[in-house]
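As recorded in Swiss-Prot, the features of this protein are as follows:
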{"type": "ACT_SITE", "residues": "C99", "note": "active site, acyl-thioester intermediate"}
{"type": "BINDING", "residues": "K239, S260", "note": "CoA binding site"}
{"type": "BINDING", "residues": "A256, V357", "note": "K(+) binding site"}
{"type": "ACT_SITE", "residues": "H361", "note": "active site, proton acceptor"}
{"type": "ACT_SITE", "residues": "C391", "note": "active site, proton acceptor"}
Amino acid sequence: MAPPVSDDSLQPRDVCVVGVARTPIGDFLGSLSSLTATRLGSIAIQAALKRAHVDPALVEEVFFGNVLTANLGQAPARQAALGAGIPYSVICTTINKVCAAGMKSVMLASQSIQLGLNDIVVAGGMESMSNVPKYLPDARRGSRLGHDTVVDGMMKDGLWDVYNDFGMGVCGEICADQYRITREEQDAYAIQSFERGIAAQNTQLFAWEIVPVEVSTGRGRPSVVIDKDEGLGKFDAAKLKKLRPSFKEDGGSVTAGNASSISDGAAALVLVSGEKALELGLHVIAKIRGYADAAQAPELFTTTPALAIPKAIKRAGLDASQVDYYEINEAFSVVALANQKLLGLDPERLNAHGGAVSLGHPLGCSGARILVTLLGVLRAKKGKYGVASICNGGGGASALVLEFMSEKTIGYSAL
């Protein structure tokens, strides 16, 4: 066990991150597609608790994000928690704030600790976009004469702006037009995301984050262990530049290559109060210093991080000049580019290990995943303060400020 933090560095109600884990991110219908979102969630929670050296029996509450809940069964967060060995007596709540669900879960967990309601809480998010069903909306009334309409549950509940009746990618095009961000700039950013992600993978920086996942390959055949983000292995810069626009045929700039990919994955964080960290002698990786939400018109969600981030930094009692690294979820390359422009960010300090364009974007997972990755960036680059933000459908965004506390590896030395 790592040495305990000194009592002069923590206040009793400080929110401390003592364990983190994420699964590798699997491609759509790819390496993790045989596992449900709740199973992926269980794997991440179990690993985070093990790395934190926290007995599951000590957990008081679980907040876990999940967006595409159809066909998962009742209370997905509870399924994930019980599957990780957390007792029946623990309260579990599933959070759906679209793409920000995982981060909002961490924010709610933090509030419960700050208010003195809890001392040990697990938070995070999960998604298996590969397993989202398609709907027969008229079947309940009876399927009579004629053809039936099949509705894609993933599009309907995850990727569609219900207010304007168009796909999320159209919002990316609106953003690109408004801020005059070209196709070439978006492609260059996407290539950079892949290059940074591949570099982090090749230098084992993601090993600190990832819990390997064992996947069955069928009866009588040995299982395989997935320990790398699947999307990074399919990078082809030349092909990326030739892809056609996906959402705007004439003059469009958002493509499948410079947008995030449909993916599967889960991420979890173990949060404890400063008082409990001292009592149990836990290794504190980071403190949560502040957080905030923001919202504007639904079709403008792409730039809402630029509203949420300053609010979170102010609530943390910091100045933007003190922030070492940022993570802004790459729903589309244009999202990172627009918010970088609006906030005047140094490109070298934004998404330093790649992002959703290269790694993938499992909706309910991503808000938690970027927090785990931000901690990895701060650890690798010896930063102190980091800010993560993620936009969400409907016009919103969430942001959270972390203070990195230690350069020591959490959990086992293998990490």
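Keep in mind that glycine also has a Cβ here, set from the backbone N, Cα and C atoms.
Shown on the structure are the features that Swiss-Prot records.
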residue: C99; record: active site, acyl-thioester intermediate; DSSP class: strand
residue: K239; record: CoA binding site; DSSP class: helix
residue: A256; record: K(+) binding site; DSSP class: coil
residue: V357; record: K(+) binding site; DSSP class: helix
residue: C391; record: active site, proton acceptor; DSSP class: strand
Please report the Cα separation of C391 (active site, proton acceptor) and C99 (active site, acyl-thioester intermediate) in Å, rounded to an integer.
7
Using Cα coordinates, what distance in whole Å links H361 (active site, proton acceptor) and K239 (CoA binding site)?
21
Proximal residue to C99 (active site, acyl-thioester intermediate) among binding-site residues A256, S260, V357 (C-alpha distance)
S260
The number of other Cβ atoms within 10 Å of the Cβ of C391 (active site, proton acceptor), counted over all protein chains shown, is 32
Near the Cβ of V357 (K(+) binding site), how many other Cβ atoms are there if near means within 10 Å?
30
If I restrict to non-local contacts, at least six residues apart, and a C-beta distance under 8 angstroms, what lies near S260 (CoA binding site) in its own chain?
N329, E330, A331, F332, G355, A356, V357, G360, H361
Whose Cβ, among the recorded positions K239, H361, has more other Cβ atoms within 10 Å than any of the rest?
H361
If I take the alpha carbons of A256 (K(+) binding site) and K239 (CoA binding site), what is the distance between them in whole Å?
11
Row C99 (active site, acyl-thioester intermediate), column other C-beta within 10 angstroms, all chains, value 34
Would you mind checking how many other C-beta atoms are within 10 angstroms of the C-beta on A256 (K(+) binding site)?
14
